[in-house]
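Copied over from TrEMBL:
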{"type": "SITE", "residues": "ARG158", "note": "site 'Required for activity'"}
{"type": "CARBOHYD", "residues": "ARG158", "note": "N-linked glycosylation site"}
{"type": "SITE", "residues": "ARG165", "note": "site 'Required for activity'"}
Amino acid sequence: MAGTVTVPGSSVPSTPLLKDELDIVIPTIRNLDFLEMWRPFFQPYHLIIVQDGDPSKVIKVPEGFDYELYNRNDINRILGPKASCISFKDSACRCFGYMVSKKKYVFTIDDDCFVAKDPSGKDINALEQHIKNLLSPSTPFFFNTLYDPYREGADFVRGYPFSLREGAPTAVSHGLWLNIPDYDAPTQMVKPRERNSRYVDAVLTIPKGTLFPMCGMNLAFDRQLIGPAMYFGLMGDGQPIGRYDDMWAGWCVKVICDHLSLGVKTGLPYLWHSKASNPFVNLKKEYKGIFWQEDIIPFFQNATLSKECDTVQKCYISLSEQVKEKLGKIDPYFVKLADAMVTWIEAWDELNPSDTVVAAGNGKAAAM
Ligand SMILES: O=c1ccn([C@@H]2O[C@H](COP(=O)(O)OP(=O)(O)O[C@H]3O[C@@H](CO)[C@H](O)[C@H]3O)[C@@H](O)[C@H]2O)c(=O)[nH]1
Ligand SMILES: [Mn+2]
């Protein structure tokens, strides 16, 4: 069962952590039988299923799950012309689920990801670990060499400034994968049989000023702290690039988290990624990105956000302006992407008018 809160000495049934404060977002083009394996952990939670591809296809959801399902017709009906910012025929469509959710937390998972076992052979409740990661602070300002100091059996090491031990609010929890690792197409082609069997029992805060490759397969985040920045960029149908949706979101998110003093963690939990997508198809989707990212990364490393950018939305709009000005020179795609970033924020604010915003610097949510 998901991590539960038990009242000592009481017969009160335990309640899964954040049961009514977290949505599980699943992008899919398949039937969702994979949920059977996750049932003990996911059943108490509300699912938001984003059906990609042909909206006339019926997606079967196993009995007993509480869910809402959106297909492309729903996205177009809800967003109208703003639906243009939501990718079609790509897992990037999942970000629509983040937008329509009304909960404080979101966990997103691919439908070819299953429950993994830890070295003791115990099933890993990935959702419970993500919740622990999100509910405990991050340490982006000073690296703790004993990893997560807030974890049972660990602490800050000698020399760690006491003034920094309160840490920062955690905005993102990035989980990993046993079996099929999230390799890019060239690596997949060179190492077709490589499987990840290494279970590293650690959760690390990604230091301030450092970017990372965010994978959308096993990802949780505080929607109230960073949701508007979790736009999975324009990919799939009609776009020159694919499989960079989550990467794009991760780079934007990390720059904004650094600016707003929010934390990003990576490491536990693991899940079992079962399906290797076709490396040749992936290469066609990725190849421009493999060249472009040699310019994109320096762009994000040098992106600047002024002190007037005191909400995620303001940060994101500022980034979109810089994308248009600096990356637009590489390819017209980035002009289109910059416009889509603005459309995303407009759509987000339209669907979430009363969202709290984060004041810069203290990471504390401040009502609108
Ligand atoms: O057109 C599509 C294709 C797939 N989906 C759904 O998205 C996820 C991921 O699909 P899949 O597991 O087939 O592909 P992977 O290459 O393993 O995906 C990972 O790589 C990155 C792609 O950007 C990303 O980090 C992961 O998603 C499944 O749930 C499919 O059902 C879709 O919605 N539309
Ligand atoms: Mn997959």
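Cβ atoms here come from the backbone N, Cα and C positions, even for glycine.
Automatic, uncurated: that is what TrEMBL annotation is.
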Separation of alpha carbons, ARG158 (site 'Required for activity') and ARG165 (site 'Required for activity') (Å): 12
Under 8 Å by Cβ from ARG158 (site 'Required for activity'), counting only residues of that chain that are 6 or more apart: none
Helix, strand or coil at ARG158 (site 'Required for activity') [DSSP, three-state]: coil
Where ARG165 (site 'Required for activity') sits in the secondary structure, as DSSP reduces it to three classes: coil
Other CB atoms within 10 A, centred on ARG165 (site 'Required for activity'): 15
